[in-house]
Structure formats: C-alpha cells, structure tokens
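Annotated features in TrEMBL:
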TRANSMEM  B:22-41  transmembrane segment
TRANSMEM  B:50-71  transmembrane segment
TRANSMEM  B:91-116  transmembrane segment
TRANSMEM  B:128-145  transmembrane segment
DOMAIN    B:147-436  domain 'NADH:quinone oxidoreductase/Mrp antiporter transmembrane'
TRANSMEM  B:151-169  transmembrane segment
TRANSMEM  B:223-248  transmembrane segment
TRANSMEM  B:260-284  transmembrane segment
TRANSMEM  B:290-311  transmembrane segment
TRANSMEM  B:318-339  transmembrane segment
TRANSMEM  B:345-369  transmembrane segment
TRANSMEM  B:422-450  transmembrane segment
TRANSMEM  B:462-483  transmembrane segment
Amino acid sequence: MNTLIFRTVAPFLTALMVLFSLFVLLRGHNEPGGGFIGGLIAVSAFAIYGIANGIAAVRKALWFHPMTISAFGLFIAAIAGLMSIFFAVPFMTGLWVYPVILGVEIPLSSVMLFDTGVYLVVVGAITSIALALEAEEDA
Amino acid sequence: MAATPTDLSAALVMTPVATADWLVVLPPAWCILAGAVLLMARKSLHLQGFLAVPALAVLVLLDALLLAHVAANGPVTMVMGRWLPPFGIAFTADLTGVLFALAGAVVALAGAVHALTDIDGSGRRYGFYPFLLLLMAGVSGAFLTGDIFNLYVWFEVLLISSFGLITLGSEPRQIDGAIKYAFLNLIATTLFLITTGYLYGIFGTLNMADIAAKAAAGRAELPLMTLAMLYLTAFGMKAAAFPVNFWLPASYHTPRIVVSALFAGLLTKVGIYALLRTLIMLFPVEREELSFVIALTGAATMLLGALGALGQNDIRRLLGYLVISGIGVMLAGLSLGSPGGTGGAIFYALHSMVVMTGLYMAAGLAGRLSGTFDLSRLGGLYARSALFSALSLVLFFAVSGLPPFSGFWPKVMVAKAAMDIGAWWLAAVVFLSGFLTTIAVGRVFLLAYWRPAGGALSAETIPASALLPLVALTALTAVFGLFPEALLSTIQLAAQGLADPRAYIGSVFPGGN
Amino acid sequence: MEVPFVLLIGLFFSAAVYLMLSKFLVRVLLGVVLLGNAVNLLIFTNGRILREVPPIIPAGHDVPQALTANPLPQALILTAIVISFSFFAFLLVLVYRAYQDLGTDNGNEMRLAEPENDPLPPTGY
C-alpha cells in the first residue's frame, strides 16, 4: 500500500476531497448532499492521508482531537435548534438572514448551522474510530 | 408555471409558541448541550464534576417545572421545526413520561455526585461525565417524545452512551460483559425497529397520538396483535423480562459501580416505560388478549430474579438479579391493565429507579471498605459504620417491599388489582418473590454487616460526597413510603391518562383529528 | 414488485439469524450487519414501492409538481443506516479488543464475567 506514488499523491487527494466535502455540505440545502455525506467524504480523505503517512500525521494535521471536533459539532447543532426560542417558534424552526456582503446577497440560516454541526460530528466521530482501527493496524 | 402562494397554515404552526411549552424539549436539548461542552473540556479533569453536577441539577429543575406545568395544564406538545403533526416530530409530555423523566434525572444527579469521589482519574479521562449527560439526553428524550420512530432514535442514543459507560476502563472482564450487553441489546432495538417498520406500513403514521386514534378506529381489520406481540418481545428484552433477560446478569456487575448503579436505575425502566406506552396506550385491546402471557412472564421473572439473588456470592451480581425481580412486579402490573395494575407498575418503576441505584451505591461503598464483593469474605460493616449500615438496611427493606418504605405500596396495589380479577396466583407470586428477596438481602445484612470482620477493614473515612446521595435516595424511599398520598394521586392520574389517551391526543391535535 | 422484495427480505433475515447463532463473534457481527440491511429493506417495502421521481421540490415552488416517491421511509432508512453504521464501527472495535484481551472470539469461552465455578454464598457464619 505504501508506495511512493501513493504517498506523493495522498496529500493532494486529501486536499481535493476535503474541498469536495465542503462543496457537498453547502450544496445540501436544496439539492442532494448535506452534512452527513459531506462528513463521510472528509473522513475518507483523512483515512487516505492516515494510510499514506501514518496516524500521527493525521492527528497533527487535524490540530484538534477528533472527539473535540465532534463535541463542537454537537454543540453548534444544539445551539442551532435552541435559537428559535427567541423568536416564539417551535424547536428547530429554520431561521434565515440575508446579509449583503460585497454586493452579493448571502442567505444564511440556522438550518445550515445545524448541517455544519452534523458535518463536524460525523467528521470527529468516524475519524476517531478510523484512527483507532488504523492504530491497531500499525501496532 | 409560477409559484402559487401556498397556504402554509395547513402544514405549519402559525401561532407563536409559549415559552412554557419549551419545557418539553429542553431536558434532552439541555443534556446534549451540556454533554457537548463536557466532551470538549474532557482534558480538564477537575472541571468535569463541577460542570456536570450543576448541569444535572438544572435538568432536575427543568423536569420538576415540566411536572408542575403538566399537572396544572394536562399534556403539553411541541412539534419540531413548526411542522404540524403528524408530519413533524412531536414531543408530548404527559404525567407518566414526566414522572419517569424526573425520577431519572434525580437518580442521575445522585450518581454524578456519588461519582465525584468514586470514579477515578482514568474513568474521568475516558469521559464518564460526557457519556452520563448523553445517556440522560437519551433517557429524557425517550420519556418525552411523542413519536414512535423518535423513541427508537432516543433508545439508540442511550444505548450508544451506555456502551461508552460500560467499557469505561476497558478491563478484560468489562469487555466480556460489554460484548454480551452490546449484542443482545442491539438485537432488541433492531426488533423494535422491525416492529416500527410494520407499524408504519399499517398506519402510515408514526405519531403516537395519531396511532392511538387510528388503532381505536380501525381495530377490526388491522393486524394489531402482531405489533403488540413484537413490541412485547422487543421491550421485554430491553427490560430484561424472563426468557430474554440473560444479558443483564452477564454484564451489570462488570463496569464501575456508579455505572452499574445508573444502569440499574435507568435502562431497564426505559423498556418498562415503552411497554406501558405501547401496550396500555396504543394497543389496550391486544394487551387484554395477551394478558395471561404477560402475567406468566411477570411471575417467572419475579421468581427467577429472587431465586437467582439467593444463589449469588458476589453482591453486585445479587443486585442484578434483584433488578430482574423488580421488572417482574412491573410486568405483573402491566398484565392487569386496570388502574391499580398500571398505577402499581408506574409506582414500582419509580421506586425501583431510586432504590436499585441506592443499593448499588451501598454495595460499592461496602466493597470499597472491605476490598471485596464476595459474601464469603465481607464482614464487620456494622461495627465499621452504623450510619451506613442503617441506610443499607432501609434500602434492603425497601427492595423487599416491606413497610414502611416505598416498595410496599406498589406491591400492594399490584396484588390487590390481581385479586380483584381473581388472579390470586399472581398476587401469591408477588408476595413469594418479596419473601425470597427478604431472605436474600437479609443474608447479605447478616453476613456482610453483622458478622465480625474476617480481615482488617480499610481505615478511610467515607467521603461526604459518596454518602450524601445515598442519604438522599434513602430519604426519598422513606418519605414516599410514609407519605405516599400525593404521589399516589398523581400516579393514578397518570395511569388514567395512559388508559384513556383523549387528553394526550387532544394536546397533539388541538383542532381535532 | 412487493413479492420479490418480500422474498429477498426473508432471505436476508434467515441468513442473519443463521450467522447470529454462531459461536464466533465475527460471524455474529456479520449477522448483525445483514440484519440491519434486512430491516432497511423491510421499512422500504412497508413504505409502498412506486415508480416515481425522487421527492425533490423544484426551485421556485412550494409543493412538488408531480407524484413523487414517499420520502418518509427513505428518511427512516437513512437514520437507521447511520445508526447501524455507528454500531457496526463500535462493535468492530469491541470484538477486536475482546480478541486481543481475552484471546478468543468464541463466545462460549468468554467466561471472565461469569466464571464457571462461581462459589455459592456461605450458608452460615
């Protein structure tokens, strides 16, 4: 598995896949895609990087511990649901704002925040399991 | 074709929501929020306890406020994301659900305080408190949801957190217990999912109020008996009822003792709650036909639990069998279906949550003082600490169903309801299992507490934070044993609300269905 | 369309039960995975099978423009897939740890939690 070609290509492949996972995440509101599937793509990217360069490199590249990422995702997902308490609408109602940044109207919503939370939960949880399994492999 | 302006009021909640209604969703949402914060801060060990205990105290407060709200105004409903039921997921709190949720929160708070000095550094590093909060999210969600598929999701949330808790420390013995616990519970929840798939195929809805109304209307031509039997098997397995109980004695004695205490207080009772919700509220006619099967299962579970407890040398395994014996009493109450039977089952479940948690804590302290859980080697605890022995004795009395403690009243209610319909044998089994339990725990007191110590006991003083929850739980069982009137009348209302869910349905569909 | 699906579900369930009756945990684990897929197919079939378009509302509209497939079973299955996937990952790690720590993947030989010759409690002082 650990050929020179694979090790050379892996970082670029990882970067491309993470970028694609973000695209899938943002596309998810109105078209097929979303946080869960985007998160899985990102996890595959990290797994590829881990197979090529070892799990220590992945942990270093992620900077935060995977469980922390997952916990942060859970936190913002819960916050996204709870925000609607201030607008007298039920739990998890979608709230929208349309700020105009540099002349472009950008729709932002609590739904997107929730989806980002799901993305982070999936990235954190599955990465930590994948890394644990890869660590067993190394040992 | 241009978009026509659609009338949204057919699908969405258009009126502003009162802040008080938020109490329905706050318990699980709060637990998830607090659990996430604890998970992020899991490196700072000293912070964990200081954050988790107040968080659980807030949970108790939220559940208590919700209880007051529901007791005053009847069942409360909130739908997710403004979608009207049956399209949106509804959270509906009625008296039964809130009583269970409140008892669960109290037990979790007691466990968290007890764990301050009982879970060591490694246990905390593996994340005891985050898992506990997420477990409570699952438990509160299961008690408060009004949607049967959502109930399945909360079951899975609490299951996955319990996996985390049971493997805390990762000793080989724990892994062995965890394997049996994980596989058998997973099969039980899969059975639950299968049944829910059938239920969706039959009714085309997952909202429990909607199902209750549609089942009552179309009982003649729908295959509801299949659903009732499958739910009985699935939730019976979760509750550790007799022929499918083997995961419990195989696993409950392996984790840290606080974890055992919380499991004994919370997990099997969620199964009982789901049985009450499905069999009493959704399928009462089918339950009536299954009555004899449930009664036999209950009787066998009671006897198996009591006899199993008599044959155990390890006090933690002995307590595992007592949990099972208690489940039998609740099943006996469920099989009767009368207000007395259902009320007895609810009361016994609440009592069992408090008492079993207390008993495991007491066992943990006994083990800590003596360095062993073996009945053949324990001894001298009475001479060591009279207060601790007195507390344990109260809990022993309570679990045997002896007056004046809280186990007495529900047993009397169940036995009386059984004799009212002429099922004297069921009443006899309730008392026989109580008698056998008395012998089993009496022997523990005789050997572990009264017998002179064989070796030297540990000289450490019992820390206040370990003793305080024990005192609180013992006080609860004594208070509700001596003054059961207020609780009894609430439980009777709760049982009525389950048997006649018009108020529940009315809260989900205010404009009629 | 329902009959072939029902037969397929039956096949999945029997294979899953057969595997789960094995002594060896890896087979039990595979059985659990099959069981999860059987349940997903079951929910899918229970939601009625229609040859319709995916339930996606075109841009600029509030309601679907034609008859669409029932989205709810798909949502249920997606949830169930996510859950069974995470359980599979957890159980995989657990079984691997058990194999390392207990030295066996045979359920009958795992007697640490329930020793075979557990003594009876003493009958007297």
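Every residue, even glycine, has its Cβ placed from backbone N, Cα and C.
A contact links the transmembrane segment (B:345-369) to the transmembrane segment (B:91-116), because at least 3 Cβ pairs that are 6 or more residues apart lie under 8 A. The highest tally of CB pairs under 8 A with the transmembrane segment (B:223-248), across B:50-71, B:91-116, B:290-311, B:422-450, is held by B:290-311. Counting Cβ pairs closer than 8 Å to the transmembrane segment (B:91-116), the top stretch among B:22-41, B:50-71, B:128-145, B:462-483 is B:50-71. Same-chain residues lying 6+ beyond the ends of the transmembrane segment (B:22-41) with a Cβ under 8 Å from its Cβ atoms: 47-48, 51-52, 55, 58-59, 62-63, 65-66, 69, 76-78, 80, 91-93, 101, 105, 127, 129-131, 133-134, 136-138, 140-141, 144, 154.
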